[in-house]
């Protein structure tokens with residue numbers, strides 16, 4: 001039933017292999033290594049590639065990987081148990097072989113392991129058949145969750161009264177008097193006197209004589225008896241009363257002077273954007289590659305961490321909670337020091353705390369769970385040295401995993417690719433897409449400024465024909481960029497705008513812009529698209545059509561650094577829409593990410609992890625402000641340092 005089983009080291013040395021068919025399994029195993037193991041995505045032990053299902057198990061003590069492959073149409077319930085038994089059996093042989101290798105120098109040979117493998121395979125297949133014949137057994141009472149409940153947890157304490165919510169202690173229900181019972185008891189006639197005070201004449205005073213004012217008031221109350229109450233008069237008696245619904249009057253008359261002021265069809269000299277002194281000072285400072293994000297100074301955290309480690313070594317037997325001076329999410333590991341093999345039970349409490357810490361740092365919940373599972377799989381079975389601390393081990397493992405996730409699979413070098421396209425006499429095309437309000441046009445202008453600083457001419461295609469003011473916004477950016485770089489290229493400005501107004505087909509506008517850039521030898525075309533929610537099918541179809549028709553060199557997704565769980569949903573649905581609506585066997589998907597508003601999140605940098613883990617694509621740019629120079633490269637170690645801080 002199994003097609004393939006292989007045991008190899010993390011260094012790439014195949015120790016033993018079984019192949020039941022003539023099918024070539026090398027591409028599937030290479031895809032598993034490249035997409036899962038090297039990318040730190042080992043939380044789920046199952047991987048699908050073409051028509052195969054691959055399951056794997058890691059042995060962190062001996063750095064071994066066990067991989068089994070079978071057809072994905074099969075339902076083999078014994079594979080996980082077989083992997084565990086094979087691991088336990090082989091690791092003992094491997095340990096003995098390493099000892100013999102050190103003593104005798106004989107090379108490793110596990111050819112005799114084939115008989116053991118077939119025997120274990122037959123046993124597991126037989127157990128699986130017996131389980132299928134027996135059918136599913138009902139759980140006993142001891143196995144249920146109800147048996148774990150204690151008697152004290154099921155006893156209701158009726159003496160405890162519910163405390164009223166804050167601010168509602170003195171709230172009185174409708175129809176109930178606001179007087180307290182104490183006041184009512186002390187003055188039983190107060191209720192009746194208050195309820196009929198408005199219609200009951202006032203009683204005489206003690207000497208039986210009423211004054212004139214009281215008498216007039218009593219006469220007025222007697223006259224009001226039996227009459228309907230009139231609504232209370234308005235506080236502003238002079239306010240005009242609207243009689244009925246009145247038609248709205250529109251003043252359509254516009255003078256010639258107003259027409260001249262409202263005409264925006266032609267560029268006027270007065271409308272030219274004048275850059276400020278601060279913007280003029282930015283010119284010439286962004287040539288070459290962009291700067292990385294500056295890491296925060298975390299020397300104090302490292303010093304505290306090292307001091308706590310020293311204290312733990314000195315006071316191993318007298319540990320108390322009062323002596324701990326912090327340590328954040330890793331403080332619970334410090335009671336596990338010494339030569340110890342880490343088990344899943346040892347790591348489980350800490351992984352729960354680590355998951356909460358990642359979610360608090362804005363990592364999507366699903367991604368936080370997968371990341372914790374990956375760290376658990378990497379640490380389970382690992383043996384620490386005598387002076388090794390689990391705190392530093394877990395922290396280093398998590399840091400390595402996050403850095404590996406943020407490290408791009410392929411390098412995206414726009415300057416190099418643009419120069420290469422220029423030698424081929426064609427424009428380099430970049431398309432910007434994303435949801436509404438994330439800063440696509442603003443960051444497009446930043447990228448344009450950086451490209452012009454490096455001597456490349458740019459054509460901006462205004463393909464956002466949906467949002468009002470989108471073309472005018474790009475027009476303002478173009479004027480300001482040309483004012484900052486007044487030099488000409490072939491008697492044309494360095495930055496130009498290709499626009500066709502609103503309500504037009506964005507794919508057609510992009511095609512015309514690329515053709516115009518090719519005719520006028522413009523180096524780069526930046527395509528601005530309309531913001532769209534991931535569930536808006538008509539706009540997603542339009543985006544897929546634009547990408548399919550024009551085949552840009554780079555498709556960049558612009559996302560906010562403020563989002564949490566929404567980042568996964570946005571990226572997944574954008575990729576899914578580009579794949580579904582393209583009607584192509586090899587559709588173009590998102591090639592990179594621009595992370596905006598990074599200066600507003602402090603150390604909550606989890607969106608970078610969520611986006612990169614979801615797509616596997618690199619973060620090309622990071623927006624850190626509002627000026628043209630606020631564009632940076634992602635520094636993976638700086639982001640991970642902020643993620644683990646606290």
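FYI, residue positions are counted from 1 along the chain as it appears here.
Using N, Cα and C of the backbone, Cβ positions are placed for all residues, glycine too.
Feature list (source: TrEMBL):
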COMPBIAS  124-146  compositional bias 'Basic and acidic residues'
COMPBIAS  156-172  compositional bias 'Basic and acidic residues'
COMPBIAS  180-199  compositional bias 'Low complexity'
COMPBIAS  258-271  compositional bias 'Basic and acidic residues'
COMPBIAS  293-313  compositional bias 'Acidic residues'
DOMAIN    618-631  domain 'SRP54-type proteins GTP-binding'
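For the domain 'SRP54-type proteins GTP-binding' (618-631), the list of distant contacts is 278-279, 282, 285-286, 290, 293, 406, 408-412, 414, 439, 442-443, 445-447, 449-450, 481, 484, 556, 592-599, 608, 611-612: same-chain residues at least six beyond its ends, Cβ to Cβ under 8 Å. Mapped onto DSSP helix, strand and coil, the domain 'SRP54-type proteins GTP-binding' (618-631) counts 0 helix, 6 strand, 8 coil. Mean pLDDT, taken over the domain 'SRP54-type proteins GTP-binding' (618-631), works out to 90 on the 0 to 100 scale.
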